[in-house]
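Worksheet: one structure, shown below.
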Amino acid sequence: MEDNLKRSNFEVLGMCCATEAALVERILKPLHGVKDISVIVPTRTVTVVHDILLISQSQIADALNAARLEASLSLQGETDNDKKRPDLPTMACGFLLALSFLKYIYHPLGWLALGSVVIGFPKVLFRAIASIKALTLNINILVLLAVCGTAALQDFWEAGVIIFLFSIAQWLETRATHKAVVAMSSLTNMAPQKAVVAETGERVDVNDVKINTILVVKAGDDIPLDGVVVEGKCEVDEKMLTGESFPVTKELDSLVWAGTINLNGYISVKTTVLAKDTMVARMSKLVEEASSRKSRTQRFIDNFARYYIPAVVLISASIAVVPAALRVPDITPWFHLAIVVLLSACPCALILSTPVAIFCALTKAAISGLLFKGGDYIETLSGIKTVAIDKTGTITRGEFTVTDFSVVQDISIETLLYWVSSVESKSSHPMAAALVEYGMLHSVKAMPENVENFQNFPGEGVVGTIDGIDIYIGNRRIGARAGSERVDCDMQFQSHEISTPKQCCGPTLVGVFNLSDTCRSGVLEAIEELKLLGVRSVMLTGDSTQAAKHVESQLNHALDIVHAELLPAEKAMIIDNFKKDGITAMIGDGVNDAPALATADIGISMGISGSALANETGNAILMSNDMRKIPEAIRLARKTMRKLIENVIISIGFKSAILALAISGHPIVWLAVLTDVGTCLLVILNSMLLLEEKPKHERESTSSKYGTFLEDKTITLLDKNYNSNENQVLLTKEKCGKECCKNVNHHVATVEVHIVKSCNGCCLGKVKMCEDSSYRTNNRCASWQVHYKTKKCGTGSVVTQDEKIAATLESVGYKIESMDDVSELSETSGIPMCCKNRCCNDRVNNISSLNKPEIIIE
């Protein structure tokens with residue numbers, strides 16, 4: 001049965017606001033074969049899940065068009081609106097109405113206004129009849145009553161104006177929302193529709209590609225489906241999916257995602273999902289579902305409008321009927337007042353005030369790499385007071401390295417490694433992968449098939465039986481569970497116990513290992529930005545107090561509160577306590593975070609790196625690991641709420657002004673219609689400004705305890721013409737103001753940046769300023785790294801692979817370190833490049849290659 005279900009998207013241009021959305025639902029729900037309906041008012045789209053054996057796409061479109069809703073099938077890949085101009089009846093109505101102004105020259109031409117009514121009236125009539133059949137009181141019925149009223153007074157010009165403005169308004173609103181439609185389409189159409197099969201070289205539709213098919217992706221091509229690299233190496237641009245600014249290296253066994261771009265290299269990818277299940281498809285579906293789900297404010301306004309429209313219709317009818325019943329000599333002004341009141345009952349602008357703004361915010365957030373599961377969570381995020389953050393995999397990279405593995409009993413290290421790696425191979429925790437890899441480096445292969453009675457204790461560790469021995473691996477809690485003695489923890493790294501309860505001699509501690517992990521780039525900046533927003537930051541971790549303090553010191557003690565040695569249930573309890581002080585968010589990426597994510601007012605899970613359970617529990621998904629998107633999301637949420645308030649003021653303000661003017665003796669019908677049209681457009685255009693919002697860390701200056709950022713962090717330092725001068729080695733010089741970089745340690749006073757000519761004489765392009773404690777260029781052929789003079793470090797030093805540049809720099813006073821010396825420094829040594837006296841060991845540098853075109857500042 002599920003194989004027959006199809007998800008079809010329809011563009012419904014005749015849908016103005018939520019009142020028409022109710023009409024759409026009442027038309028489609030009774031149809032046999034329709035399973036689910038999702039209406040997105042801002043983009044005028046309707047998604048229908050239907051059984052193709054019972055009802056076709058054309059039958060659904062015909063049912064909508066019977067109500068003159070102008071529905072058409074929206075094909076994937078179409079982003080441009082075909083309706084470049086109004087329909088023919090609307091243009092004819094406007095043309096005749098314009099000609100009727102010539103009545104002042106030749107009076108009979110005034111009857112052309114009646115012709116405009118005749119041409120435009122059927123469209124209004126048929127929509128009104130469909131609304132009456134569906135028992136829906138909406139704008140179509142209000143306009144019908146207004147046209148009939150003005151025509152009864154033989155004021156055909158005003159009747160024609162009402163019809164024309166009503167018709168042209170919907171076209172203008174469609175054009176105004178076009179940018180939102182394009183933004184939404186950038187998500188839905190991110191992935192290519194064709195893929196190249198490696199075996200045959202044939203280009204096929206992605207929907208026809210099965211799982212485990214090998215595809216080839218050349219340099220410059222989009223990756224068609226999610227999969228794993230089985231051959232080749234390249235760099236991939238994942239900006240559209242995760243918001244990651246820099247290319248990500250992909251090699252054997254790396255995961256790749258549909259819609260990302262292969263910048264260089266040639267890779268073969270084995271698909272892991274079907275086209276309908278790719279990350280892009282799930283993103284699109286999530287945004288679509290979130291857009292169709294009404295927020296609290298929207299539900300309130302819709303409920304208000306449900307009673308508001310009938311009430312105003314009754315008031316309008318009373319204004320028209322009561323004077324006639326009392327036989328007032330001149331009832332024409334009363335009829336005009338009644339029509340103005342009737343048209344003021346149209347709540348379209350008010351109803352649109354919330355969904356358009358929420359839709360734009362959801363779309364903007366999704367483009368930036370943060371997916372919300374509903375507009376409610378944007379409203380919730382705007383009032384956030386506390387952000388709780390998990391440590392492992394969220395604040396830190398979750399990429400552990402075993403720094404020490406020692407045996408404390410009479411047992412070989414190979415045997416212990418065999419036990420540990422075999423048991424840990426059955427766990428999905430990031431620490432487990434580090435232990436398995438450590439075993440492989442020591443030629444010890446994990447044998448998960450030999451492990452029995454495996455158990456995972458969240459917040460403690462794991463237990464498994466191998467070779468008839470129960471092995472307990474984890475922190476102090478797992479040691480206590482095994483009955484082992486307590487082991488002290490290192491101040492920098494958490495120690496873990498390996499215990500074996502024996503029947504004859506009791507529990508025995510057989511080994512201890514240490515793991516190291518580093519903080520993600522941008523976390524400190526994110527925490528500082530949260531402080532500027534008045535939001536408290538809290539770290540929750542199940543790791544030891546010493547491990548938590550070590551991470552806190554890496555963040556320069558920027559966190560407001562730190563809780564360590566917590567079980568999952570204890571994290572949830574702490575979240576409950578924070579909720580008493582205000583709205584609380586929880587950010588996490590693992591199974592252990594699921595209870596806390598569910599308890600928080602808004603749970604934000606790490607998307608691609610997060611576990612399936614965390615993504616299911618969270619109310620929002622952070623697609624990348626860039627924590628700076630959290631304060632950006634809070635800013636976006638707060639700006640969205642301001643837009644909501646502005647939209648409501650615009651909607652009510654203009655309507656009130658027209659009513660006041662009418663009550664004071666000037667009931668101008670055409671002005672009432674124009675006001676209704678204008679307020680709708682203003683609300684839409686005001687909401688569209690949310691799509692223009694740029695990330696703060698890319699566009700504006702701010703301040704923190706480290707000083708002030710440069711206003712523009714991306715500055716063009718060199719151009720190709722200047723760079724072509726081969727005799728110039730030090731091309732330019734740029735000063736970074738005193739302590740201007742947030743992530744630069746506080747001992748740095750003043751830094752001078754000298755951009756050195758790249759290895760092949762090509763342009764360095766743009767250099768990223770004041771971010772991640774480094775200056776990066778998008779040019780990939782540069783082959784140098786520089787370590788500058790600081791207060792503590794004394795003489796600055798330079799590392800370079802270019803002997804010519806090295807000699808030139810040495811001649812102007814730089815100290816050149818040999819490559820042999822540099823190779824001694826490991827990625828996790830905690831010693832910045834070339835700083836041998838350990839004066840800069842407050843920060844760990846992960847330097848994976850000397851070919852990276854970056855300048856490291858310590």
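Here, residue 1 is simply the first one shown, and the rest follow in order.
Cβ atoms here come from the backbone N, Cα and C positions, even for glycine.
Sequence annotations record features per position, and here TrEMBL assigns domain 'HMA' to 6-72. Mean model confidence of the domain 'HMA' (6-72) amounts to 84 (pLDDT, 0 to 100 scale).
If you look up TrEMBL, you'll see 88-106 (among others) marked as transmembrane segment. With a threshold of 8 Å between CB atoms, the same-chain residues lying at least 6 positions outside the transmembrane segment (88-106) that come near it are 112-113, 115-116, 119-120, 122-123, 157, 160-161, 163-164, 167-168, 171.
Long-range contacts of the transmembrane segment (307-328) within the same chain, counting only residues at least 6 positions beyond its ends with a Cβ under 8 Å from a Cβ of the stretch, are 19, 137-138, 142, 145, 149, 334-335, 337-339, 341-342, 344-345, 347. Residues or ranges marked as transmembrane segment in TrEMBL: 307-328 (among others).
The annotation transmembrane segment is assigned in TrEMBL to 334-362 (among others).
Same-chain residues lying 6 or more positions outside the transmembrane segment (644-663) and placing a CB less than 8 Å from one of its CB atoms are 297, 336-337, 340-341, 344, 347, 349-350, 352-354, 356-357, 671-672, 675-676, 678-679, 682-683, 686-687. The transmembrane segment annotation in TrEMBL covers 644-663 (among others).
Under the heading transmembrane segment, TrEMBL lists 669-691 (among others).
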